[in-house]
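Engineer: Copied straight from Swiss-Prot:
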ACT_SITE  Asp131  active site, proton acceptor
BINDING   Val12, Gly13, Arg14, Gly15, Ser16, Tyr17, Gly18, Glu19, Val20, Lys35  ATP binding site
COMPBIAS  412-421  compositional bias 'Polar residues'
COMPBIAS  456-467  compositional bias 'Polar residues'
COMPBIAS  473-484  compositional bias 'Polar residues'
COMPBIAS  496-505  compositional bias 'Polar residues'
COMPBIAS  541-551  compositional bias 'Polar residues'
COMPBIAS  602-611  compositional bias 'Polar residues'
COMPBIAS  641-657  compositional bias 'Basic and acidic residues'
MOD_RES   Thr165  phosphothreonine
MOD_RES   Ser340  phosphoserine
MOD_RES   Ser343  phosphoserine
MOD_RES   Ser675  phosphoserine
REGION    329-358  region 'Disordered'
REGION    379-515  region 'Disordered'
REGION    527-611  region 'Disordered'
REGION    628-657  region 'Disordered'
Amino acid sequence: MPQAAYCYMRVVGRGSYGEVTLVKHRRDGKQYVIKKLNLRNASSRERRAAEQEAQLLSQLKHPNIVTYKESWEGGDGLLYIVMGFCEGGDLYRKLKEQKGQLLPESQVVEWFVQIAMALQYLHEKHILHRDLKTQNVFLTRTNIIKVGDLGIARVLENHGDMASTLIGTPYYMSPELFSNKPYNYKSDVWALGCCVYEMATLKHAFNAKDMNSLVYRIIEGKLPPMPKVYSTELAELIRTMLSRRPEERPSVRSILRQPYIKHHISLFLEATKAKTSKNNVKNCDSRAKPVAAVVSRKEESNTDVIHYQPRSSEGSALHVMGEDKCLSQEKPVDIGPLRSPASLEGHTGKQDMNNTGESCATISRINIDILPAERRDSANAGVVQESQPQHVDAADEVDSQCSISQEKERLQGNTKSSDQPGNLLPRRSSDGGDGEGSELVKPLYPSNKDQKPDQDQVTGIIENQDSIHPRSQPHSSMSEPSLSRQRRQKKREQTAHSGTKSQFQELPPRLLPSYPGIGKVDIIATQQNDGNQGGPVAGCVNSSRTSSTASAKDRPLSARERRRLKQSQEEMLPSGPAVQRTPSAVEPLKPQEEDQPIPAQRFSSDCSITQMNHTLPREKEKRLMHGLSEDELSSSTSSTDKSDGDSREGKSHTNEMKDLVQLMTQTLRLEAKESCEDLQVLNPGSEFRLHRKYRDTLVLHGKVAEEVEPHCTELPTGIIPGSEKIRRIVEVLRADVIQGLGIQLLEQVFDLLGEEDELEREARLQEHMGDKYTTYCVKARQLKFFEENVSF
């Protein structure tokens, strides 16, 4: 059932036809309202007519009309109509919140123009609203008018009495509805005038204590007092829309062509354009933030666990467990002692293999954050490319024979200033306490023959970049000792003919990257160019297929690793590379692509140089988001759901604003003269004839069957004419007056009501009616008016 596609949230309103419920679509996540209409007592023809009309209305596309998504008839006898949700509520409630404080004229005319444009669109489509009132005019959160409940009451209003089902209380009913005339588009203009009067005065244009008095006031033709705090043009426009004779009321099209309205449309148009351009700027800025949001989310939700795994006599390696981690640029990394080798002696190679499998899906991901440009100026001297090593502090040069305790002391000294680029590898404190011994991390692959693996030597210090803030910690995989020995042997052979490098500069806190042969390497950077322009940028670098094959041959993969590897390749490879690196960054990688593993240290340096020398275009960010793994997306979903929803809604509102701007521009271009259609409908003889274009016009009163065109036979013949309701009202009123006064006294009262002198008339009425004057004088006057002006 279509109803199952929505998640019900709460009831937002109830009416005479049913209730309105706020729902959320399970698939697209958008909010809608479902209006449930009770059709249990309606005939099958009436139900079909209501549903067909709802489907017709769902095709209307206008920025000032509530969108209709779908409708269906449930098995419970209810008609369900799904409409767009307006966060600002209805206009009636908005006016009540004013608490007597009048709105500025610009706001009144702004809403007035939007309602008028919606009515003009409906009238051009030959659709009458028939139930225009402030309760059916809604506001979005950007203060845009949405006219709703279009034509739904046409079928339903014929059941029950007029006071409860016609339009609730008929504050907006035009005088012709109480006579032998059908509903016409000029009745919509009357209702529009009532709405504008209510917006200007915060009161109903016609009000009374009871239904009979209200009908009498409307038919009497006595205009309410016009608002004095507004311009005479607005007051005159309201007065013409509330003219008793329909032919004297202007059409909606002519209203929008008046100079007074055009002037306000121009002002509103300029304000809307400015708001739209401002929203566009915000949307452009928000597009540069999703990657940074992912980084900050991971910083809050994830933790690193670093284990020191004892090696064989040939050396030791670093093993890292956990998910991909990204650390914020603002927060320093807490550096604590590592677990001592003695605490991990019980770990076996099999366990290491399992741990490797657990992190295999993300072992190829490198995350790098680049410091904004304002901090580069003071650190440009420290930015060193791989081909140009420069000076480093003597404290950063590590003696090959230094002890573990010396390294620990130097590490603790650097911890005190986490903002300095000399920080070493970041580590979380473990349960072992501060008293446990710790060692610096050494890389899996030495970069030249001068630096040989030694258990007491730290070789994990990479190129120093003073401009780089403490950055994200890339993920390194678990490796078996046998695998490490194989890799070190390969590295010794590889580095035998490579260039020598006597020094290594220290890198801000981050872990060494793993062998980048499996899948993709994501580089997330926050940097600014020399022109102080920049934002979160990101790139995805695919490793070559050859190096991927070489990595698979290094060691046998477990079943879990193979599953993760296959899943990672299926997810990553189709997206393709999103960034083209500069030639300077590609050239150092060429020797390693020929069936040789890439040194982690050199690869990291190449990535750093690439990011420093190459500014990624902003339009590449969208492609980056497709390259993120499921692990990254799942870890950041909760933090980005709302922003994505806001962005989606913001885009929808921006489109609506653009449509509104285009519509107002077209409205300003309307000609000043009446069209042929307007001239034809102003003919009094055809004013209330059931026009052939108005297929959904409701015949409220009279015998017009011979005038109905053939295509109007769609209207249900079982509909009770509106005159039947009025006739019942008059009958009830007549019975009440006759019972209270009697026929003879009622005839005398009718004669006295024809007296021209008001004072003499009232005196004689009091004399004849006595104590009944207060109760029956007004009722007798209403009964006389109905019998003289309303024909049945």
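Backbone N, Cα and C define each Cβ position, glycine as well.
Note that the structure is a prediction, hence the values are computed from the model and not measured.
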Engineer: For Asp131 (active site, proton acceptor), just give me the three-state DSSP call.
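Structural biologist: Asp131 (active site, proton acceptor) sits in coil per DSSP, no helix or strand.
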Engineer: Please give me the CB contact count at 10 A for Val12 (ATP binding site), counting all chains in the structure.
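Structural biologist: Its Cβ shell of radius 10 Å holds 15 other Cβ atoms.
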Engineer: Do me a favour and check the Cα-Cα span between Arg14 (ATP binding site) and Asp131 (active site, proton acceptor); whole Å is fine.
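Structural biologist: One finds 16 Å between the Cα atoms of these residues.
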Engineer: Measure from the Cβ of Arg14 (ATP binding site) and count the other Cβ atoms within 10 Å, all protein chains considered.
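Structural biologist: Around Arg14 (ATP binding site), other Cβ atoms within 10 Å: 11.
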Engineer: Relative to the Cβ position of Gly18 (ATP binding site), how many further Cβ atoms are located within 10 Å?
Structural biologist: 19
Engineer: Roughly how many Å lie between the Cα atoms of Val20 (ATP binding site) and the residue listed as 'active site, proton acceptor', rounded to a whole value?
Structural biologist: 17
Engineer: Can you tell me the CA-to-CA distance separating Val12 (ATP binding site) and the residue listed as 'active site, proton acceptor', as a whole number of Å?
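Structural biologist: If we compare the Cα positions of Val12 (ATP binding site) and the residue listed as 'active site, proton acceptor', the gap is 20 Å.
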Engineer: In Å, rounded, how far does the Cα of Asp131 (active site, proton acceptor) sit from the Cα of Gly18 (ATP binding site)?
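Structural biologist: That separation, Cα to Cα, works out to 16 Å.
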Engineer: Determine, from DSSP, whether Val20 (ATP binding site) sits in helix, strand or coil.
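Structural biologist: In the DSSP reduction, Val20 (ATP binding site) maps to strand.
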